[in-house]
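One structure is given here, and the rest of the page talks about it.
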């Protein structure tokens, strides 16, 4: 066995570093009984590394490439081209040339071969990289093959491969390349087999694409392919494409395109028997690798050859339940306005805090709704409740229920038992007294509890810290699920629903509660947005401080402020803001996310924008304007009601509900603020313990604790021992999860059920969502995916995936809101109503459909957006 060249049969599972992802998978496939793989061998990474290892020009250019940022596309292109030229000019090591000649004589010099790149960062379970390097078909002759080996080496530095590595965090120095030399087969048909449906992600449905000739035509998008769907050894769907072209190999080498005769273009590529045979092969390969596969196949004289198999890395993972039953899962992140992947410690804390049973998948949390959907008593309540906050979830759940036999409905006897335990409590129960002091007292009790936690935490160390946190989480749950607190929140929400329903019924006015909700008391989140305007007012008179803050890059700036006139006053104002709100950040329900207090420079761009866009005293003006609008709307509604039949009674009922709304609706944001405050205290204590673990050489980095569950961290602190494989495994998983888009609803088959909005009476080009804050507004769309990248001007419309309280400071600068995630009572909706901003949420793919800088019109009352 040569270290330069390995036959497919010689490749071992541990040799990724030698043969890359594609080569390793071909070696594995060759060892599966009954699977036909065209013969071939791999020119290992050793040959490539010897060829370029001592090349000074190559190393110099590689170092230059490593210094570039992904935005520098032109420079990346220039250096990548120079690297490719250097590689094409190198001599292939003699040992490689001799080994290739030996294997070619063994397999047949006269044969045609496919020459394929196989990078060490390709076809991995957590990063596909498919198609980033080059493939050459029907290459004949030793010298020709050697030249194409160099072309494959050079393709490691195509612009697309370099940029893809940069996007995925791979070091160019750490990636190597092998070249696969595989005997060509000349198929009548070829294509791609997915062992899970790539459209719906259903793991029980195989999807086969098939066309005539070589698969290159299909992969490169030259032809449409037949598509066959197979489920449980039965063909459940066939779409026969019009196939006008095919690519075939030429005897003298290379490939050629051929037109297909018109009378043959609609022929089915594979017979039913061949489709089912291919499906069985796919399931066999999937079982061997242990995960869904993307498989390239060829049909030659009734024999199916497999030329490649790689993991499908784009499928959303399924929550693990191994009971053989069907399950339906609902995303928690879509309700919490945080759909980012969470690290293991973040997931642990949220699971410890919540009262509802949840399961993990893809770095997110899901609730198993199966039992509640099976029960007539709870099904309608669940669907209607979720439907108010997210119509897409309601539509998806309705789709599942309408499928026969997917969810086992309860029998008549079970229905009787279920009625007694599953009927939700009536909303009239526990109606609180209409007294704003109740809210004041709840807030005061929460603040006292947090101060006590701070004092107690200072006395703990080691494993006692973790034990104490577990105890305190019970206290946190008592605060979060306090019956009086929940009653207050429900009273505010019910008042909002009542006002909207009755005002539309009696006066024909839609969403009247939106204006009435402006500038209410006790909304800790909207108060935070206004407080940052006040900080801007403190800084405004000091031009030296403003000039300094415009160039702040690290978090030591607070201590340096005192060298400027007004600097101490500015520092105190920022400190005061951080003392009250510094535990917040974007994605704050994940305890591992960096808080404003940990990185104060994060809030400086927002402050500078406020100084630029607003006059002194803007926070008080904004609050007063909102209050006057709300009072004016109340007066107008009551006057109109007075003239209706039973007007006096309607006025009294409405006044009471408006009072409920304005007294209670602001409090809805407070329990979460208390939870996040506690999380920050827990986090600070855990980071101190992590620092000790680093000092004791148990951890490499303090933030490695984020990749442990709470239970694992407890054990590490107790024993001072850690198997670092856990950290590496979770880091790789998190990298994958970050790239995935979580579904609102997913089944135990892995099928993603997507809901749809009703489009009646809307413009044809309208982008539809859920109306949550009334009004119509036109403006420049600013598509922002990370709050840190926000550069908003007064009057912009914010378009983003989701907003949570950490985004609130941006709301004072915008005049409209569009989000991909959200509901009537989620963060963005509540704050938009309070600030009087037209808003549409739950807009599927809003950040892709709307381009940054486009002028758009947001219809916050009707729930759609127009691109102008």
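Yeah, the Cβs are placed from backbone N, Cα and C, and that goes for glycine too.
Just so it is clear, the model here is predicted, and its values are computed rather than measured.
As annotated by Swiss-Prot, region 'ATP-binding' applies to 1-313, with the evidence given as similarity to another entry. According to Swiss-Prot, the ATP binding site annotation covers 22, 116, 131, 135, 182, 296, 308, 310, on the basis of similarity to another entry. The region 'Rifampicin-binding' annotation in Swiss-Prot covers 326-756, and the record cites similarity to another entry as its basis. Annotation source Swiss-Prot lists region 'Swivel phosphohistidine' at 769-867, citing similarity to another entry. Marked as active site, tele-phosphohistidine intermediate by Swiss-Prot on the basis of similarity to another entry: 827.
Positions of Swiss-Prot features highlighted on the structure.
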residue : record                                          : Cβ contacts under 8 Å, 6 or more apart
116     : ATP binding site                                : 22, 135, 136, 152, 179, 180, 182
296     : ATP binding site                                : 190, 191, 192, 193, 215, 219, 306, 307, 308, 309
827     : active site, tele-phosphohistidine intermediate : 337, 525, 669, 803, 804, 805, 807, 808
CB contacts for residue 308 (ATP binding site) [other CB atoms within 10 A, all chains]: 24
Number of Cβ atoms other than its own within 10 Å, given for residue 22 (ATP binding site): 27
Three-class DSSP secondary structure - the residue listed as 'active site, tele-phosphohistidine intermediate': helix
Number of other Cβ atoms within 10 Å of the Cβ of residue 182 (ATP binding site) across all protein chains: 24
Assigned conformation of residue 182 (ATP binding site) - DSSP reduced to three states: strand
Three-state secondary structure, which DSSP defines for residue 296 (ATP binding site): strand
